[in-house]
Structure formats: C-alpha cells, structure tokens
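Sequence annotations record features per position, and here TrEMBL assigns transmembrane segment to 33-60, 80-99, 111-131, 137-158, 170-190, 205-224, 310-330, 342-362, 374-394, 414-433, 445-467, 473-494. As annotated by TrEMBL, domain 'Major facilitator superfamily (MFS) profile' applies to 37-498.
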Amino acid sequence: MHNNQATPLDHATWQIRESYCEPGFRGVFASRYVALCAAFSALGGLLFGYDQGVVSVILVEPQFLARFGCVAEGTPGAGFWKGLLTAMIELGALLGALNQGWIADKISRKFSIVVAVGIFVIGSVLQTSSVDYGMLVIARFIGGLGIGMLSMVVPLYISEISPPEIRGTLLVLEEFSIVTGIVIAFWITYGTQYVASEWAWRLPFLLQIIPGLVLGVGITFLPFSPRWLAFKGRDQEALHSLAKLRSLPATDHRVQLEWFEIRSEAAFHKEITAEKHPHLQDGTNRSRFKLELAAWADLFKNGCWRRTHVGVGIMCWQQFIGINALIYYSPTLFQTMGLGHSMQLIMSGVLNICQLIGVSTSIWSMDVFGRRPLLLFGSTMMFLSHIIIAVLVGKFSYDWPGHRTEGWASVTMLLVYMISFGASWGPVPWALPSEIFPSSLRAKGVALSTCANWFANFVIGLATPPLVESTGYGAYVFFAVSCLLSLLWTWFFVPETKGRTLEQMDQVFNDMSSEAEEERRERIERDIAIKDQGQAAV
C-alpha cells in the first residue's frame, strides 16, 4: 500500500475508501472489463426470460396441440394439464435455486454457472425432442432446474465482482436480459406459429441451446469472484482477481483497501460461525453436513434475520404486485378489455417491449437515485395504474364495443404499469438480495430469496386465472392492494444500499449487535493490517 495513503489502521475502512469511477451508467465506461464480465454472465438471465416467454404462444399453436392434445381447449382436464406444464418449470426452478446455494459455495460461482447451463441444455434437448406429454413435463422440470440455478447464481456473481459505484447498474443487466429473453421468445414464437410442421414449436426450444452453450463455455474464461476466493482462504488469488476486474495494478491503494475489506469481512464471519458452532469444526463429512444445515438456520438468527426478511420479502412482493400474472395471462387480460384475438397477441408483445423500456431506464437510475426511491416510485405508479384499470373494467366491461375509448384507456394504463415495473420492481429485487447478505451466508441468502420468488410465482400463476374468471376487475383490485402494501413495506423495512460495498452491509443493517462484536471486527482488521505491513516490509 502506498505510504502517502491512509491505511485501515488510521480510520474505519468506509471512511477512507475512494471511488473507482462515477456512479451509474457513466461509470461503466471507466470499468469496461468488469462491465463486460457482468454483461456476459447476464446471458443466464436471457435463458431464464426466453424459457419463460417461449410457452405463452406455443400453448395455443395448432401444431403443438396436435401433438399434445390433452392441453387443448375443450379437452377434459385441459386446464389442469396446462397448469401442470407451466408449474413444472417453476417447481424445477425452486429446487434448482435452493440447491445452487451450496454448489456455488463449494465449486465457485462461475463453475456453478457451468453446471446450471449443462442441466439447462439437457432440458432444452429433451423439450425439443419431446414425443408425448409425459416427456415434455419431465423436460420442462429439468430445464427449470437449470433456470432456477442460473436465476440465483448470476446476480450473486455480478454483485461480488462489481465495484460499489456501478454495482446496481451492472445488476440491472440481469433483469434487462430476462426481459430481453421474454421479448425475443415471444416474437420468435409469434413468427414460427406460421410454420406448418412441428418445427413451429420445436425450433424455439432448440434455439435456446445456442446462448446456453456460449455462456457455459465462455464463463470458464472469466475471473473467479474475489470474495469467494477470500472466503476459501485463497487471499493472493483474490487480490489478482480483484486487480484484473478493476483493471488496475495490485498495488493500487483502492484495490489494496478493497482487498483488505474483503478479507476482514470473511475472517470476521468465519470467526462468528466457529463461535456459534464450535462442535462442528473438526472437518469430518458429518460435521460439514451439519454445518451446512446450521448455516441455513443462521439466516433466521440474530445478526441476519433482518436481511433475510428483506431478501425474501422483496422477492415475494415482486410477484404479488402482478407482473408474471400479466406476462402469462396477458391475452386473457386484454380480452377482458375488449381486444380481438390477433390484437391480444400483438399487445402482449408490446407489453413486454414496454417492460424492456422501463428496465433500460434503471441502468442509469439504479446507482443515481438508489434502490429505495425506485421501489417507492414504482409501487405508487403501479397502484394508480391498477386502480384506474379496475374502475374502467368494472364500469365498462359489459359493453366494450360501445366504449372503445375506455377500453384503450385501460390498455394504456396497463402499459404504464409495465414501464413503471420495469423501472423499479423489475430490477431492484434481483439486485438487493445479492448485496445484503454477509459473505459466509450470501449464497444461501440469495438462494432462499430466489426460492421465495419462484414459490410466489407458482402461487400467483395458480390464483390468477380463477381470479380473473370469477371477478373480472377484482384481479386488478387485488394487485392494487398488493402494490400499496409493497409501498408501506418498503418504507418501513428496506434500507438504501447505493454506493456501499458488500462489506459495509453490517453498518447499513445496523447488525453490530454488541460492543464485543465491534471490538472483534476492529481486532481482526488490525491483525490483517499489521500482517500486510509486515509482509510489505519483507
């Protein structure tokens, strides 16, 4: 460390750290290499979005229904079989996200992406070659495992390699890729529906293998997460990885200070874990298994439960404010507004493009305005949109042909909702969980939060069709109330993480529960700083 720079022995690290670049989108141009790494790994989001969006048009294609007649309209039990087909990817994703927590800790973030891609490709091959309903359901489940694993580990990897000034901007790339995948899938399937053979639905399944293989091979050339390396005790490798990601020499004082901060946080939480579970430190397979289970339990204990509440809560609210209900069932919802079949499909595609426009704005706003203001703004705008739609549908749905203006006003408010969601509740819930957990529990915390998202997705997917069918405008009232509750929840429980390093989240959440813990952290930082100075002298 340069002699003319403040050292961690002089002040708390958060008081003396200097920025790497300007916050927000402008800072990306000063951090090109890490931005490139984040953008490439975000291909996992593209696979996630594509696989979710590919089914919406395929399910109504005659070529698909000729092969899988049990899901055709009018067939006994068609609703159940269609719901099962949709639900299997969500069930697979939930299990995949849950298991990815220990895999990412064990073999690294980037190699766990390789495993996820391998499973995803197997699922895609099976979907492409499916000959009966049973094979397709199993294929969707396997593909869902890979999707769930990617949805958990990609934002985790991006958060751990990013400088704090542009971490939010780079994490937006995950949601941007998801929505891009949904848009691409929709318009590909919209085009292939005119293919006379079964390739109308087999081709869209086949095409998703290409970006999967690109990601699986390319990710091996990217650096390891420096925070994962430090947690594994590979400190020098962590320094070299950090310097490469920051495009600076390892001797740069900013790199040295971040490296110091990463090691201090890893050592602190390792010591806390060893103190909590002293009987599980002998290194045997039995103890390692028990320690793994104990780590999951630690997510709900003092020092972490507030972060778990925020991580799980924000993912659940993302679903209960109605987004996937609109994506999955948008043709049905447009039907309630009086649009014809062809216009229903076209407007569903426009809806996704509006979401993409909203997400694009957050690439700039996430690190300029912060996470919390975006959430509050989004909840307010979506609440107003749903309320207006509910009033219009409730008053005029009995005669849409006679009230075309009101029908298109409802459609317009749905587009406003989608832009508002894309600018706020779309990207922030994928970013926040990967920022807030301590290094020792980060993978498991993100895994649990992602599982909550998939479970809520599953519940909303089941509840929306009967809600729309039985109440009409009641669905919009339900989602409006959810938007209002999400506003109140954000106001009282969600802190701001903009501009803070991952190692500063203890201060953000005020998790220093005792003076003894504060002293322990200071002692660990002092020991590491003295060790570094001793090695520099040699």
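Cβ coordinates are placed from backbone N, Cα and C, and glycine is handled just like the others.
Keep in mind it's a predicted model, so treat the numbers as computed, not measured.
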Task: the transmembrane segment (374-394) versus listed stretches 33-60, 80-99, 111-131, 445-467, 473-494: most Cβ pairs under 8 Å - done: 473-494
- [ ] Go through 33-60, 170-190, 205-224, 445-467 and flag the stretch with the largest number of C-beta pairs under 8 Å relative to the transmembrane segment (342-362).
- [x] 170-190
Open item on the list: Below 8 Å between Cβ atoms, which of the listed ranges 33-60, 111-131, 205-224, 414-433, 445-467 makes the most pairs with the transmembrane segment (80-99)?
Closed with: 445-467
Task: Residues of the parent chain within Cβ reach of the transmembrane segment (111-131), under 8 Å, 6 or more residues beyond its termini - done: 41, 44, 47, 51, 67, 92, 96, 100, 103-104, 138-147, 149-150, 153-154, 157, 202, 205-206, 208-209, 212-213, 215-216, 219-220
Task: Long-range Cβ neighbours of the transmembrane segment (445-467) (under 8 Å; 6 or more residues past either end) - done: 79, 83, 86-87, 90-91, 93-94, 97-101, 104, 148, 151-153, 155-156, 296, 299, 304, 307-308, 311-312, 314-316, 318-320, 322, 324-325, 328-329, 332, 429, 433-434, 436-437, 474-475, 478
TODO: Tell me, please, if the transmembrane segment (33-60) and the transmembrane segment (205-224) are in contact, taking contact as 3+ Cβ pairs under 8 Å between residues separated by 6 or more positions?
DONE: yes
- [ ] Would you kindly list the residues that approach the transmembrane segment (205-224) from elsewhere in its chain, counting only those six or more residues past its ends and only Cβ-Cβ distances under 8 Å?
- [x] 37, 40-41, 43-44, 46-47, 50-51, 54, 108-111, 113-114, 117-118, 120-121, 124-125, 127-128, 161, 185, 188, 237, 241, 244-245
TODO: Take the domain 'Major facilitator superfamily (MFS) profile' (37-498) and average the pLDDT across it for me.
DONE: 88
